[in-house]
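**Q** Handing you a structure now.
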Amino acid sequence: MGKYIFIRHGESNINVLGVLSGDSDVSGLTEKGMAQARRTAEQLSGIKIDGIISSPLKRAFETAKIIGEVLNIDVKTDERLIEVNLGRAKEKKINEFTNPLYPNSHITGSIRNLIGMEDWDDMISRVKSAMDSFNGKYIFVSHSDPIRAIASYYLGWTEDDSFGIDIKNASMTVIDSDKNKVLCLGAINLDPEIKKLFY
Ligand SMILES: O=C(O)[C@H](O)COP(=O)(O)O
């Protein structure tokens with residue numbers, strides 16, 4: 001356990017198509033996604049951490065490599081940080097599965113089982129397992145759903161409670177698991193008071 005800076009990868013080619021990625025690995029970063037990753041790396045310059053752990057998917061690993069180059073830290077990958085398994089929704093248009101009253105939103109729990117999507121609690125368990133394996137101060141580069149899920153867990157929220165959370169590309173969500181606290185959620189500018197915890 002310790003302090004974790006969860007970073008969603010930068011914008012990917014599939015993100016811009018309005019297509020659900022899931023654990024698909026067909027998509028790397030756009031030029032904008034690379035610029036987002038570089039901007040986030042600059043926010044983090046000067047921190048002292050124990051490592052960078054990344055989802056093995058190309059869009060996340062490319063983001064982690066950009067951050068690692070700026071911070072001069074090698075990147076390790078861990079499958080437990082991979083994006084949610086979307087079942088039959090993988091690589092399909094987002095709005096085929098979201099509530100038609102709320103286009104471009106999240107697939108909600110009731111549909112999860114119907115399409116064979118990974119269970120919300122299972123997703124939380126695997127991210128927590130990764131945190132248990134890396135004790136200290138880490139950057140975890142991951143994806144929209146796992147970050148929203150682990151933040152909701154530490155906020156004491158359900159999946160429905162978190163429906164309004166939109167984890168932006170290359171944004172930072174900082175969790176202090178020793179204190180069971182979410183210090184920031186989807187931030188693109190890191191609060192200096194939070195950054196001090198990583199010196
Ligand atoms: O498309 C998806 O699976 C999610 O909505 C976003 O996934 P990503 O964070 O890997 O882009």
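Any Cβ shown, glycine's included, is placed from N, Cα and C.
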**Q** If TrEMBL gives ARG8, HIS9, GLY10, GLU11, SER12, ASN13, ILE14, ASN15 as binding substrate, which of ARG59, ARG80, ARG88 does it give for that site as well?
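**A** Record source TrEMBL; matching candidate: ARG59.
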**Q** Apart from ARG8, HIS9, GLY10, GLU11, SER12, ASN13, ILE14, ASN15, ARG59, which residues in this chain have a Cβ no more than 8 Å from the mean position of the Cβ atoms of those residues at the substrate site?
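**A** Everything else in range on the chain: SER21, SER27, GLY28, LEU29, THR30, GLY33, THR63, ASN169.
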**Q** How many whole Å apart are the CA atoms of GLY10 (substrate binding site) and GLU83 (active site, proton donor/acceptor)?
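**A** Just about 14 Å between their Cα atoms.
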**Q** Where does HIS9 (active site, tele-phosphohistidine intermediate) sit in DSSP terms: helix, strand, or coil?
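**A** In the DSSP reduction, HIS9 (active site, tele-phosphohistidine intermediate) maps to coil.
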**Q** If you measure every Cα to Cα distance among ARG8, HIS9, GLY10, GLU11, SER12, ASN13, ILE14, ASN15, ARG59, the residues said to bind substrate, what is the biggest one in Å?
**A** 15
**Q** Round to the nearest Å and give the CA-to-CA distance linking GLU83 (active site, proton donor/acceptor) with ARG59 (substrate binding site).
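**A** Taking the Cα atoms only, GLU83 (active site, proton donor/acceptor) lies 11 Å from ARG59 (substrate binding site).
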**Q** Just to be sure I understand the packing, how many Cβ atoms besides its own are within 10 Å of the Cβ of ILE14 (substrate binding site)?
**A** 19
